[in-house]
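What Swiss-Prot records for Gln85, Gly103, Glu104, Gly105, Lys106, Thr107, Asp512 is ATP binding site. Annotation source Swiss-Prot lists Zn(2+) binding site at Cys893, Cys895, Cys904, Cys905, citing sequence analysis. The region 'Disordered' annotation in Swiss-Prot covers 866-899.
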Amino acid sequence: MGVFESIFGSANKKELKKIEPIIKKIESYDKSMQQLSDDELKHKTVEFKERLKNGETLDDILPEAFAVVREASYRVLGMKQYRVQLIGGVVLHQGRIAEMKTGEGKTLVATLPAYLNALSGKGVHVVTVNDYLAKRDKEWMGKVHEFLGLTVGVIVYGLDNDERRENYACDITYGTNNQYGFDYLRDNMVIYKKDKVQRGLNFAIVDEVDSILIDEARTPLIISGQGDESTDMYMRANMFANGLTGRIMDPEEDKPDIFDREFKDETVDFLVDEKRKTASLTEVGTRKAEEYFGVENLSDPNNMELAHHINQALKANNTMKRDIDYVVKDDEILIVDEFTGRIMEGRRYSDGLHQAIEAKEGVEVKSESKTLATVTFQNYFRMYNKLSGMTGTAKTEEAEFNEIYKMDVVEIPTNKPVARVDEQDRVYINENAKFNAIVEEIKEIHKTGQPILVGTISIEVSERLSNLLKKNGIKHDVLNAKQHEREAEIVAQAGMFDKVTIATNMAGRGTDILLGGNPDFMAKHDMKKQGYGDYVIESLDSFLPSTDEELVAARNVYNELHKKYKKMTDENKKKVLEVGGLYIIGTERHESRRIDNQLRGRSGRQGDPGRSRFFVSLGDNLMRLFGGETIQKYAESGKFPEDEPMEFRTITKAIERAQTKVESNNFGIRKNVLKYDDVMNAQRKVIYTERDKVLDGEDMHESIVAMIKDIISNAIDTYCQDPKSENWEMEALMTYLNTFIPEGTLDLTRLNSYNKKTFTDYVIQKALEVYNAKEEAIGKEKFREIERVILLMVVDRKWMDHIDAMDQLRQGIGLRAFGQQDPVRAYNNEGFEMFEDMNHSIKEDTVRGMFNVQPVEEIERKQVAHETSATGGEEEINKPVVKGKKIGRNDPCPCGSGKKYKNCCGKNR
């Protein structure tokens, strides 16, 4: 049985047993593949495509196709997929999640299902978390696919539409979740079909699937246009909020209104709920607000906008912490990702919160933007025909993957047994005692030379610990959002002998910590000191060949330095192995067990030894907010000395319960987000389908004729309700009809001879006569294009307004819960009514536009709004700028592609 005997849950064992015969079949081709020439191996791709055309399925050809990729990987990269990697490949092909530990070679695994599914000709998207990894994997693994005759593309920030279209047309495309999502939204804003860049959503392989489909699931992708609202109110609301007094709610208090019932004599103006990160006015505060802003009733619907500004100012000042939730850099507010600790370049908080923080910090307040298009990652990725993913940590969230995405998780055995020892948590009575214990632990371990990686959950904690280590004379590196430029370098060297590294959660997804150090980074650092430019250094380890003499010479220097440092790091690694590998210290438990497991997983890769331990205090946020009565009882007892750890099974259980409680809460929040977005998603599909009909050049004439009939019928139903024609509201009806039917078209002298039905038929007939005459005057073909142009313009304008209206509805809908009404159901019902109103409004404006159109020489489609920003993830807005010497036509391109400037970014200059 081999690896299949690894200890997994019985359900997981069953899944692995089912896959075992497939793995044996793949391995049975090994010898025959080795005997093929390169050309014969490449020809297998042609053969597979032919077999698919003749009726075989992807499952039929899987064993042989995987064997082909395995052999090609060895010939091209010198790497051959292990047995456990073959298991991972099968799981991915089946549309499931492969949980593979850090260092098990997930990148190489993805080549197997990517190749197999690309044979169908429908495209495969490999999804990574940043542009660097997308480019690296395209150049690295792409060589295997290209060797086998497939085309490989990459989608990164800065490509124009033609380049994007070309890369999406490839058999396999690498890119980030943000790039794929934004391109989907932009494709549904284009006014000509030829401007679309994507070609359908067939199969996606998502790397770090938990990060993308869970951690980022609450953040919608938003494409915005510039709003025109004044920013003065943010400043006024901030000044008002700064003059108030408040208190933090006890974790057991449920709702702010309890305060006003039970603490009438208190005079605080607002309450802060740390659990939910919200702040709200009390009755006392509400009266102050009404007096300050000169309004009679803050709860009046006319004052909804003012109340919203006040709430956001309270939230900004009392729940959003500088250097934890965001940093201030160059007079800008930059968001810090709570899961990774990275700065999220280009992203802004929505709903006015970003502006409220700008007002709080005294930087320029930028006006709110208008949403042009939006989608959540949940609904974007559920549109793929097949979805799969890989990560080192997914099992704890299996229920969510199953419920939301219909994907189960299969734990893949490690190639070598995990040798890392995960020690029992050390729990202290308060934070000071905990940090003192951490420093003492680091001092003791540091004496042995064992490398230490200390994981923190915020910039604030990392800097506090750094100051303590400085006082104790311990040399160390600090990695947090303020030093994110050096992230890869610091993480890569964290495994060196005698090294101490403090890192926020950003600690290295995508960058392996190699015991003994990373010779690649050492060689590059040396070359920087020698004066080589950034663009040359970025191209050194490109997998693309180059004919540029300067770059070839630089690569030769790099190879020599790499050999030198490899020898040094190999010796260093021996010393690290002797002292037990990398020691991981967690400074507190994260809300999610998965994030804790990710930190632990930095140590013990590929069978290396290692250790991990978490230090916890009863004052940590997790324990304070979610620990419950058990933790509170211990914290208030006063029985325990500060300098000794508390070793009680009840505390360990309380930590586990707290994490489970938070994970459950967060799952509930994400499910709730999805319930709301599902309403928008259904509407989005209708609009995008109608847009596609226009873009595909469909004849919209019958649709517009139907609109004319609907508009007239609805108008007559509204104004002619009485059975007797003399009681009809003819003046109002004619005022309405004359907005599109010219005056004098209708003969009303015989009105008494009509009933409502015959009158409706008469008005429709006369309207269509006018419409057909207009078509004849303009010409049929030109008139058909005018119909498409006007319909597209009206749909886009109305849809963008509707997105904002639905967003406002959602912001206010939560209050319905106080009236015993299900907010989601209310949102669904009212959203449907608003959607129907929008559809009616689209018909009215389209009909008016068509009746009032004048003969023109040329009719041109125009976008109703232009994108100013795309937010929702790590959008790499600041492209590197090369200063100093002008780039020559034959110089290496500064983008790092390895090509000459004239053949890359300079080809259109």
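Cβ coordinates are placed from backbone N, Cα and C, and glycine is handled just like the others.
Among the residues Gln85, Gly103, Glu104, Gly105, Lys106, Thr107, Asp512 said to bind ATP, no two Cα atoms are farther apart than 18 Å.
Same-chain residues at least 6 positions away in sequence with a Cβ under 8 Å from that of Glu104 (ATP binding site) are, in sequence order, Val84, Gln85, Gly88, Gly392, Ile412, Thr414, Asn415, Arg605, Gln606. Under the DSSP three-state reduction, Glu104 (ATP binding site) is assigned to coil, being neither helix nor strand. Between the binding-site residues Gly103, Gly105, the minimum number of other C-beta atoms within 10 Å of a residue's C-beta occurs at Gly105.
The 10 Å shell around the Cβ of Lys106 (ATP binding site) contains 22 further Cβ atoms across the protein chains shown. Other C-beta atoms found within 10 angstroms of the C-beta of Gln85 (ATP binding site) number 25, with every protein chain shown included. Annotated ATP site Gln85, Gly103, Glu104, Gly105, Lys106, Thr107, Asp512; additional same-chain residues within 8 Å of its Cβ mean position, judged by their own Cβ, are Met100, Thr102, Leu108, Val109. In sequence order, Asp137, Trp140, Met141, Asp207 constitute the residues six or more apart from Thr107 (ATP binding site) in its chain with CB-CB distances below 8 Å. Around the Cβ of Asp512 (ATP binding site), the number of neighbouring Cβ atoms within 10 Å comes to 15.
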